[in-house]
Amino acid sequence: MIDWIIKLLMLSSAIFTLLAAVGIIRLPDLLTRMHATTKAGALGIALMMVATMFHFFDAVVFAKGLAVIIFILITAPIAAHAIGRAGYFVGIPVWERTIKDELVHCYDEDTHRLLSGLETEEELEIYRQNLDLKPRIRIKQKTTE
Amino acid sequence: MQFVIYLTFIIFSISMVLVFIRLIIGPTLPDRVVALELLASIIVGMIGAYAIYTDTSSFIDVAIVAALTAFLAAIGFARFLERGGPRND
């Protein structure tokens, strides 16, 4: 009985991963590719870890597998968000049949500022006054005394 | 059981080849980063299958470390892209 559950979990994990790989080959632009890989890949790893838990049926392996699943479920959206944001700002080509791009005039390439489009007049005034303050990585300089 | 494990390895290998194709032809750098991330996911899955195949539970620790390094690499690449730098697609 439990053997069949393990077989089913392993095969479905492999098939979901294959689905993610087919998606990354076939889909037209970066955002749709990430839509395929993030979710299907995370589900593939989770199913395989559940299969290992059932196979060993041990408290230690259960804890380790649960740790992997929780870690994947936390980090996959964060990594996808970071890559998607960076890719959008770098200026990747978007699929030509995209219907809506809500950020199209909100990002300023020179100052690296992102407006939401919902700012009040006062906030826009503050924004205009601080245009010359460019955000950058601050490096502490050693002061020689 | 053996047959199913071999079939799992075969399917994982096919998906790895497909991801490698995207890694080579990918038109921009973010595409390649996404492909690398999915490659790490496939490796974690393969490690799980190998742990079942060899009946050795210690391989799950390797899976944890592989997932961790993949996440750090993705965040590092995103940081690098956003802060700018020499980019040559």
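Every residue, even glycine, has its Cβ placed from backbone N, Cα and C.
The transmembrane segment feature in TrEMBL is assigned to B:6-25 (among others). Same-chain residues lying 6+ beyond the ends of the transmembrane segment (B:6-25) with a Cβ under 8 Å from its Cβ atoms: 31-32, 35-36, 38-39, 42, 45-46, 49, 53.
The transmembrane segment annotation in TrEMBL covers B:34-53 (among others). Beyond the ends of the transmembrane segment (B:34-53), by six or more residues, the same chain brings 5, 8-9, 12, 15-16, 19-20, 22-23, 26, 59-60, 62-63, 66-67, 69-70, 73-74, 77 to within a C-beta distance below 8 angstroms of the stretch.
Residues or ranges marked as transmembrane segment by TrEMBL: B:59-81 (among others).
If you look at the transmembrane segment (B:59-81), the same-chain residues 6 or more away from its ends with a CB under 8 A from one of its CBs are 29-30, 33, 36-37, 40-41, 43-44, 47-48, 50-51, 87.
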